[in-house]
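Q: Pasting a structure below so you can have a look.
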Amino acid sequence: MTMTSTTTKAMAMAAAVLAAAAVAATNAQTCGKQNDGMICPHNLCCSQFGYCGLGRDYCGTGCQSGACCSSQRCGSQGGGATCSNNQCCSQYGYCGFGSEYCGSGCQNGPCRADIKCGSNANGELCPNNMCCSQWGYCGLGSEFCGNGCQSGACCPEKRCGKQAGGDKCPNNFCCSAGGYCGLGGNYCGSGCQSGGCYKGGDGMAAILANNQSVSFEGIIESVAELV
């Protein structure tokens, strides 16, 4: 086999793999009404456009599910609706996680005690991107992710990078080009300063699943090794 035919074969295989991966990337990232009501993993927000991530671009206006900055309504105050992502519905009809939501009067969801974190637990991070409140407890909703939030899906996002004296994001979140912490293409893509940046950040598509990014760069290299 000639060098030319080998190269052609490698390029053809890479193109086929990339095409398949592009479909996989779309399916992996889409959620909500754009993908049959799919929920994002690890409490990632489903944006109004149906993509998973963290930060105001995903958790702000129009957020469909996950660690949305504005708590969703539920229970008797929300027409009997239950919360997405297995969150608790508080006695006042707001979705979240932690004692304010899952404690006394909780209407539905996994009511349970708080998990300690941050300044209350030697700097421990909360699981599944939950917020660590200013008081050192894990949860979701404005009581945990609002003012004083130490780590996790804080709203608004923490500042980082050159815009914040070189600070890095907690939870290995990405520091966007604009100096905000989050997850998803708007934070981990082009211009990402630190954290789990996409290797192919300059316009190269990536798959977001279980908080890991997998770039097509590695796919091409793997195909090249096979021929």
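Here the Cβ of each residue, glycine as well, is placed from N, Cα and C on the backbone.
Small disclaimer: the values here were computed from a predicted structure and weren't measured.
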Q: From the disulfide entries in Swiss-Prot, identify which of CYS74, CYS102 pairs with CYS89.
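A: Recorded disulfide partner of CYS89 in Swiss-Prot: CYS74.
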Q: Which residue in the list CYS126, CYS131, CYS149, CYS154 does Swiss-Prot annotate as forming a disulfide bond with CYS138?
A: CYS126
Q: Of all the binding-site residues given, namely MET38, SER90, GLY93, GLY96, which is spatially nearest to CYS145 (disulfide bond) at the Cα level?
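A: Answer for the nearest of the binding-site residues: GLY96.
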Q: Roughly how many Å lie between the Cα atoms of CYS95 (disulfide bond) and CYS138 (disulfide bond), rounded to a whole value?
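A: Distance between the two Cα atoms comes out at 14 Å.
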Q: Quick one: of the binding-site residues MET38, SER99, SER142, which has its CA closest to the CA of CYS88 (disulfide bond)?
A: SER99
Q: In DSSP terms, helix, strand or coil for CYS106 (disulfide bond)?
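A: DSSP assigns CYS106 (disulfide bond) to coil.
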Q: For CYS106 (disulfide bond), which of the listed binding-site residues (MET38, SER99, SER142) have their CA atom within 10 A of its CA?
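A: Of MET38, SER99, SER142, within range: SER99.
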